[in-house]
C-alpha cells in the first residue's frame, strides 16, 4: 500500500508524462503560429542533423517556443543581447550544467542544441516531482490535515498551467525553490540565521524577477517569532532581575533576532544584486564584445543591443537608458523598451478574452478570502503575528464544500459520477477521472476553436473538421472506457426500506453497469418522510480486486467484500437486493462473473484503441495512409469492445423483481457512443484510404501536407534516360518491375528513343507506391526542355525535374516507422510495468 506522499510522487510522474504526450500530439495537430517573436539564431557549425536530432524535435519541438527560446539561447550562448536580461540565469545555468554532463554521452550522436533541449525538459521534469513532494510536506505543516494536503498536491499536478511546467520555462524550478523556502521558513529559529530558509529564496530571486518578493515570508516568520517568543521571554526575564545594572542583558535576545533577520534578508537578496551587477558590467562597462558572427548578424537584423554597445554615443546621450540610471536595474527598462510592459498597461480592450479566462479562479480566490476574513477578522488585522492560525478542524474548512461544491455533488448523487462528500450521510461516488476527461476534451475543443480563425480559406474548414472529429473520438474513447452507463435499468416501486424496520417507501431504484463497476441508486419518489433520513443513495461496487485507480485484475473478490461491508453498514434493502444479483457465482443465479468478464475484455479493447487513436493523429501528419489504417483499427477495437460486452455479459435475461415492478436493463449511452464511434472510425479510415489512393493531392492538402513531399529534385540526362530505356523498358510498352524505380516511373514514347531522337515525345508519369494498381492516382509531367541531336553536352542537359527517388522516400518512411515503433514499445513497456506493479 503506497503512502499518500508516494502517491503524490507517482502522480506527478504520470501527469508529466501525460502532458508531454499531449504536447507531442497537439504540436502535430495544430500548426505553429507564425508570430514575430524572438528565435535563437542557429550556429552554422551545428547544421548537421542526425536522426536523433529529428527525434528530439519530434518529441520536444512544441516545448521550446516563445520565452523558451530566450532560455535556450542563454543556455547556449549566454547573455548576448540586452533583451535577454529579462530572463534570470539560474534555470539556464542549470540546463547548461546538466547538458554538459549529457553531451559527453551523446557527442557525435546528437547536436549541442538538441542536448540543451533535452536537458531543459529533464530538469523541469525532475524539479516538478520535487516541488510536488515539497508542496505535500508544506501542506501537511500548514493545514495539519493529511487529506487536504494530498488533494492540494494532486491539484497542483493538474493545474491549468501544466504545459509551462514541462516546457523550457522557469516556473517549475521557481515553484520548487519557493515551496522549499516556505517549508524551511516555517521550521526556522528566531535566534539563528536559517540558511535553509534564506538560500532557496535567494536562488529564487535569480530564477524569476518576482522571487525578490519572497523576502516577505522571511520577514513575516521572523516577526511572528519575535512577538510570540522573544518578547514574552524578555518580559519574563525582566521580572526576575532585581538590579537595573542587568537590564542591558535584556537586549541580547532582540539584537540576536535583528542580526538573524538582517542576515537572512542579505542572504536572500545577494544573488539578485550580483546578477544586476553582472548585467551592468557586461552591457554598460565592457567596451567591446567577442561574439560569433551569426550572433552579431542576428542582432543587426533585429535591432538588438550587444554587450559593450552601451558606451556608444546615442546610448550615452539617452538619459532614460538604464545604464545612465542612478539605480541601474535592467529588468524594468528591458520590459518597457522591448515589450511595452508597465504599470496597468496590460489592461486593454484586446485582453478581455484573457480576463474572462481568469474570472473563475479570481472569483474563487476573492470569495474564499472574504469568507476567511469575515470569520477571522482579528487574525487578518494582525497578519497572524501574535495569534495562532486556525486549522481545518474549524468550520471554515467546510465553507468551500458546502457553499461552492454542494450543488455539484448533489447533482453527482443523481448521475453517479466525484469522491466522498462528508456533509451528506451516504458515501457518494463522484468519478473525478471521468469528469476530468470530459472537462479536458471540452477545453481542448475550446482552445482549438479559438485559434481556427487564424487560418484562411478552405484550410480553415479542414482544420475545423479534423479537430472536431479527432477530439470527439478521443473524448468518447476515454469517457466510455471509464463511464458507468454501458447498461442501465430503472424501476419505481414500493419497497421495504431497511432491515429491522417496518417502514415501506416508494422509491426509484436504478442500476448502472460499467466495465469496472456497478452503480446502484435509490431516490425517494413518494411523499414519505422518515425522521432523520435522506433517501438519496448512490453506491458503487467494483468488480475486481482493490488494485488502485487504474488497476483491473482478472480475478474478482472485492465485490463480495464490499457487499458484506454494505450489509454491516445497514444500507437500504433495495440496494442490497440489487447488488446480490451481481455477486460472483451463487448457484447460477448471479450475474457478476459474466459482467466482470465482459468488462475485463471490453476494457482491454478500449485501452488498445486509445494508442491507436494517438498514432492515427501522428501519422496523418506524415503518412496519411497509415493514419487511415490506424483510424480503422481504432474503430475495429471499439466495435470489438461492444461485441465482447454484448456476447459475454449476460447469457440469460437479467430480471430483478420488486414488489410492483421489475428491473430489466438496456444498453446505455456509453455503449451506443462506443458503437457509433467505432463504425464512424472504420468508415472514416476506409474513406481516407480511398481518397489517398485516388486523390492524393487533395487529401494531402486537406491534412496540411505538401503533395510533392515524397519527391526530390534531381536531373535525368539524355544519356542516362537512353540507358534506362534500353535496359529496362521497351518502346511504347508499360513495364513495372525489376528496377528500384519501377512502379514509380513509366515511359511512354511514340519513338524508339534511338540515335535518331530529335524531338522525343517522352512523357514521365510519377506514381506513388501502392499495392492497389487500379486505384492508383498518377501525377503527369512533361519534359522541361526539348532535346535536339545538336546538343554538345548530353550528360549535362536536364530532361526532367521532380523525379521521385524511391530509396530516399523509403528511407524517410523507414525512419518514421522506427520512431513510431520506439514510441509504441515505450508505451507498451510502461503499460505492462504499471499493470505488473498493480498486480504485485
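Glycine residues also receive a Cβ, built from the backbone N, Cα and C atoms like all the rest.
All TrEMBL annotations are machine predictions without curation.
Since the structure is predicted, the reported quantities are computational estimates derived from the model, not experimental observations.
Residues or ranges marked as transmembrane segment in TrEMBL: 9-30 (among others).
Within the same chain, residues 52, 67, 70-76, 112, 114-116, 118-120, 122-123, 168, 170, 173, 203, 205-209, 211, 275, 279, 283, 330-331, 334-335, 338-339 sit at least 6 positions outside the transmembrane segment (84-106) and bring their C-beta atoms closer than 8 Å to a C-beta of that stretch. According to TrEMBL, the feature transmembrane segment maps to 84-106 (among others).
The transmembrane segment annotation in TrEMBL covers 112-136 (among others). For the transmembrane segment (112-136), same-chain residues at least 6 beyond its ends with a Cβ under 8 Å from one of its own Cβ atoms are 4-5, 8-9, 11-13, 16, 20, 42-43, 46, 52-53, 56-57, 60, 63-64, 68, 71-72, 75-76, 91, 94-96, 98-99, 102-103, 106, 149-150, 152-153, 156-157, 165-169, 172-173, 175-176, 179-180, 183.
The feature transmembrane segment is assigned by TrEMBL to 245-267 (among others).
According to TrEMBL, the transmembrane segment annotation covers 355-373 (among others).
Among the features that TrEMBL reports, transmembrane segment is placed at 432-451 (among others).
According to TrEMBL, the feature transmembrane segment maps to 463-482 (among others).
Annotated transmembrane segment per TrEMBL: 600-620 (among others), in sequence order. Same-chain residues lying 6 or more positions outside the transmembrane segment (600-620) and placing a CB less than 8 Å from one of its CB atoms are 21, 24-25, 28-29, 466, 470, 473-474, 477-478, 480-481, 486, 515-516, 543-544, 552, 554, 626-628, 630-631, 633-634, 637-638, 640-642, 644-645, 648, 674, 703, 820, 823-824, 827, 831.
Beyond the ends of the transmembrane segment (627-648), by six or more residues, the same chain brings 473, 477, 486-487, 515, 594, 597-599, 601-603, 605-606, 608-609, 612-613, 615-620, 671, 674-675, 677-686, 688-689, 692, 703 to within a C-beta distance below 8 angstroms of the stretch. Per TrEMBL, the feature transmembrane segment maps to 627-648 (among others).
For 668-691 (among others), the entry in TrEMBL reads transmembrane segment.
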